[in-house]
Amino acid sequence: MAELTALESLIEMGFPRGRAEKALALTGNQGIEAAMDWLMEHEDDPDVDEPLETPLGHILGREPTSLEQGPGAAAGESKPILSEEERQEQTKRMLELVAQKQREREEREEREALERERQRRRQGQELSAARQRLQEDEMRRAAEERRREKAEELAARQRVREKIERDKAERAKKYGGSVGSRPSVPAAEPGPVPSSPSQEPPTKREYDQCRIQVRLPDGTSLTQTFRAREQLAAVRLYVELHRGEEPGGGQDPVQLLSGFPRRAFSEADMERPLQELGLVPSAVLIVAKKCPS
């Protein structure tokens, strides 16, 4: 039984002549299967029907056949004539081959579509996991920042408390080391001269220290030397530390008064230095009980 050529077989299967020739040429005339694969892969190309610029015979590595040359071929050449049954049988085989190639192509495209879908889902899951990790990291950093700020605040408060305690201890040590707890009333001692501007000598003398005598409500007195630039609060603290226990066990806050002229020192005066209050070089202060508010 005579066989159809590859070009004739492709034309019998319904492919346009131009496409069939182009497919055979571009596949190196390796057979119908290679040509059909090329036709199915490039059937949607916009230039699939454009003719080749190079002559077909030269691409195939041979001289063009009479069928390829068209009606002008040599009259002496002849091709095998197929019977109707042979033509139908060969066409059937070609159609089956085309159907098989089409199924293989569809299966391949389906597998590729499934693989793309799996990749899309995997990428979506990875993106969602990355977003969740980012949110968790931000929440963790925010929590760590809050803990750090709270720890710094607590540390600052602790430093303030420790400084207050150190100041109290230093004052207690400084003002309590040189005088007994209950000194006796000194013998007749001349009263202090108020340090007012009108009574100061013409040439004012600078004093670095001042001697303060504090008379307690029970008749006893305390005497201590302070620096001229020290605040009046230091005198009050000294009195509170050395005035002794009162009957009943309670210790009321004290109010300091000047002897002459009579003056009650306020809380604002406690922050002023002794020199500014006119208590230098010496002064007598009176402790009065401060009525609880």
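Placement of Cβ uses the backbone N, Cα and C atoms for every residue, glycine included.
As recorded in TrEMBL:
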- 42-52: compositional bias 'Acidic residues' (COMPBIAS)
- 82-118: compositional bias 'Basic and acidic residues' (COMPBIAS)
- 133-173: compositional bias 'Basic and acidic residues' (COMPBIAS)
- 1-42: domain 'UBA' (DOMAIN)
- 205-287: domain 'UBX' (DOMAIN)
- 42-208: region 'Disordered' (REGION)
How many helix, strand and coil residues does the domain 'UBA' (1-42) contain under DSSP?
27 helix, 0 strand, 15 coil
Take every residue in the domain 'UBX' (205-287), average their pLDDT values, and give the whole-number result.
85
Which residue counts does DSSP yield for the domain 'UBX' (205-287) in the helix, strand and coil classes, in that order?
14 helix, 29 strand, 40 coil
